Amino acid sequence: EEQKRLLENRPDQPQNPKVLRIAIIGAPNAGKSTLSNQLLGRKVFPVSKKVHTTRCKARGVITHEDTQLIILDTPGLTNPLKAKRHNLDEAMLTDPWDSMKHADLVLVLVDVSDHWTRNSLSKEVLECLSQFPHIPSVLVLNKVDILKKKFLLLEIVTDLTEGIVNGKKLQVKSAFKQDSSSSAKSPVQSTRASPENRAPGSPCQEQKNQAQEGSGLGKSSDVRAAESSPGTEEAQGPKHCGPKDLKDMKGWPHFQEIFMLAALRGEEVDTLKRYLLMQAKPGPWEFHSDVLTNQSPQEVCDNIIREKVLEYLPLEVPYGVTQVTEVWEEGECGELFIVQSLLVPRESHKRMLIGRGGKVISRIAQEAGQDLMNAFLCDVCLKLKVEVKG
């Protein structure tokens, strides 16, 4: 009821409000929800190793002093064939595009630990960026802590940006001497960019230096944007690209900044957050300052339980599970009693979900209950039942 009241009430506008709507896009399982949760400081979006954990467009709200950041946590960009395979809703094909329409800034998240996909942006991501070339975009390399050979980051950056950042051509020189393996200093630990690594005349870099932050490229590499002179290739401004243009593109040459972080461990997330706060423009807040997400408590609950079901069931079994909340009661001391039925299509799925001696379903209930306590900041008693549909 309180959440409903906060969402319905008019926001408590400060004197000079600023706002920034951020769309986070990327391939399924790149870590979009993990990053959103870290930016928010509380778990409100489901996270799982399986793809397509996020099934709907949800918003997270960060209110800091006179600034409000609205995070549009979108489903991973997918195509009709994959959507059919994972029994996904039609909305999952359109929601990411819909989020882009309302965004002031786009974060493109790439999982650098995945050697199959890290050197090129997916066709879906490139299509999304080319449809909205007027919206500023930032490249965020995630899971850099898992990457043992840090020198590969230079190659990845060059590929994903087509060698151009903030309208200037990159000059990439490796600063690694002998050891190029795991003992190499991670760019994640870098903070302020050194003067020689700054893009000349870049206002974003000047702002970041004032906040004592950098894009994470400073210590372990020299990545410089060269000044455009009459004799050099001048970077073109963003323009709409057709299917033919995209066919030959691996990266996007219109990123304004690059960040490297480890969302799961929270490394360098604050650096990105400070940058986002500085990008906010004057405008009215959309939400009351006490709002953390536009989801209802029931939606948060469903998402967290589904996350655990995805985590503990093999392959594509979890995608056929339907959730039905039977009891949702608040006790006298503010504790929450929840009973939810998990409906599965087959008896064999039921046995898998319950597990030998009820171990699997007990573990799901225990872990989901703990996450719900952290989300709602109250005691939660969660009971789960498993039934075959129909």
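For all residues, glycine too, the Cβ spot is worked out from N, Cα and C.
TrEMBL lists region 'G4' at one of the ranges 82-85, 134-137, 142-145, 366-369, namely 142-145.
According to TrEMBL, the feature region 'G1' maps to residues 26-33, out of the candidate ranges 26-33, 114-121, 266-273. For the region 'G1' (26-33), residue counts in helix, strand and coil come to 2 helix, 1 strand, 5 coil, using DSSP.
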